[in-house]
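One structure below.
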Amino acid sequence: MTTTVETFVPEAPPKPKKAIKGEKLRGYDKVARIPIKVIPTVEAPKKPDWIRVKMSSPAEVDRIKKTLRKQKLYTVCEEAACPNLPQCFGDGTATFMIMGDICTRRCPFCDVAHGRPNELDKDEPRHTAETIQGLGLKYAVITSVDRDDLKDGGAQHFVDVINESKALSPNCLIEILVPDFRGRMDVALDLLTETAPDVFNHNIETVPRLYKAFRPGSDYQHSLDLLKQYKARRPDIATKCGFMVGLGETEEEVYALLDDLKAHDVDMITIGQYLQPSKNHAPVDRYVHPDEFQRYMDYGKKIGFFSIWAGPMVRSSYFADRQYYGEDCPAPIRSKKALEAEGKLGC
């Protein structure tokens, strides 16, 4: 009798969906075509006690969401699944995301959808300005998806939002968190030099060694140059940059990154813990202890940044107004039991 042994053939991964104009691609469909593949996480590491968010007023959260939907606006808080949303919305603050909710990049750490975006909404600058006025904001953060399909990368749209917002709320400070304007830096800088925000922010996201894996389509030196060139054109405007830890970088690489940012004339820094949005996103390499974040802040102050905020829940626009005015970074929320275990509570 002959026994037939079947050869195991691994199941081929599903073919990712094609990008159709106006259709959002998330999860596997978003990251399947990046150079370094993301292996879906089977079991995520347990979050430590310092990954905590302070809850605020549910009524205020609901009020802001209703206002945003009425004006057909997006926030990065919602689209990127920011864990601080309840606290920020509860405190009456939000980061507006302009130029739609579909990004032309596929960064595996980000939860914003990828695809072929729709045309710009010509009414969005006015709607954003009306919302800022309606919420009575004194400090507004405006960010965007990447729009590699636009000749100016969306710089003119930023200008339109700034102009409309300043017209209705002249006392409101405007911070813009811009993409890298890849291939369009000069035209973007020309526009944003002429019509300047109060803070020019661009996130470098991670250390250079990890760029290919986590920022496909972006360039570390290009981001540094964008920050330095803007400061050279508008030395009166504060520049700001943020990045994540917990992706696989070393502590020494973080210090080197801070040195690079200081050498490129950045004024303010934010450093936060990377949190995996879903199993199809890049995995968390480690949860960085609050003591390590404190070392980064100590080093940043030592080398002369105007302000450096670093902590597990810090994000680029986290209490941006407080950082602008020079306040200290809020301490992470810790459990009494954990602090006792680390010997950080007195008798």
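Heads up, the Cβ atoms here are built off N, Cα and C, so glycines get one too.
Quick look at what Swiss-Prot annotates:
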type    : residues                    : note
BINDING : Cys77, Cys82, Cys88, Ser317 : [4Fe-4S] cluster 1 binding site
DOMAIN  : 89-306                      : domain 'Radical SAM core'
BINDING : Cys103, Cys107, Cys110      : [4Fe-4S] cluster 2 binding site
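Across the structure, Cys107 ([4Fe-4S] cluster 2 binding site) and Ser317 ([4Fe-4S] cluster 1 binding site) place their CA atoms 19 angstrom apart. Reported as a whole number, the C-alpha separation between Ser317 ([4Fe-4S] cluster 1 binding site) and Cys110 ([4Fe-4S] cluster 2 binding site) equals 15 Å.
Using a 10 Å radius centred on the Cβ of Cys110 ([4Fe-4S] cluster 2 binding site) and all shown protein chains, the other Cβ atoms total 24. Its Cβ placed at the centre, Cys107 ([4Fe-4S] cluster 2 binding site) has 23 other Cβ atoms within 10 Å.
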